[in-house]
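Q: Shown below is the structure under consideration.
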């Protein structure tokens, strides 16, 4: 199979449309490496629908800012909330050290850039900051739990 300009244009169009970040293509002497970072995705809040269920949330939109994802949802009771998700794999901690005051608990109001937890990854303590203001309505992980990249940590009512 030979790569033509038309096939290459179609491929690049698909990469752009599907927001693919990394693509490596090699065929014979031809090699293409594409790295692209998407900073923002349009945000939209979709009203709840009784027939659809996704993790107890009928509507879900993912927004990426500064490599931290937030999932905006609308509950069945039409409460809008954002879900703070882990930007990395590691161990989740509610407080800066054992025995110290926890960063946030259910019912607390959080401000933009306020530290909400720590994720330890490769012996480094990474402070996770809220990128939205609101009230913590649920903490989805326990202190000391291992979390994956993209895993939901907390729900914040907006």
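Just so it is clear, glycine is given a Cβ too, placed from its N, Cα and C backbone atoms.
According to Swiss-Prot:
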- 81-157: domain 'Biotinyl-binding' (DOMAIN)
- 123: N6-biotinyllysine (MOD_RES)
Q: Could you count the residues of the domain 'Biotinyl-binding' (81-157) that DSSP puts in helix, in strand and in coil?
A: 0 helix, 38 strand, 39 coil
Q: Hey, what's the Cβ neighbour count for the residue listed as 'N6-biotinyllysine' at 10 Å?
A: 5
Q: Which value does the mean pLDDT take for the domain 'Biotinyl-binding' (81-157) in this predicted structure?
A: 92
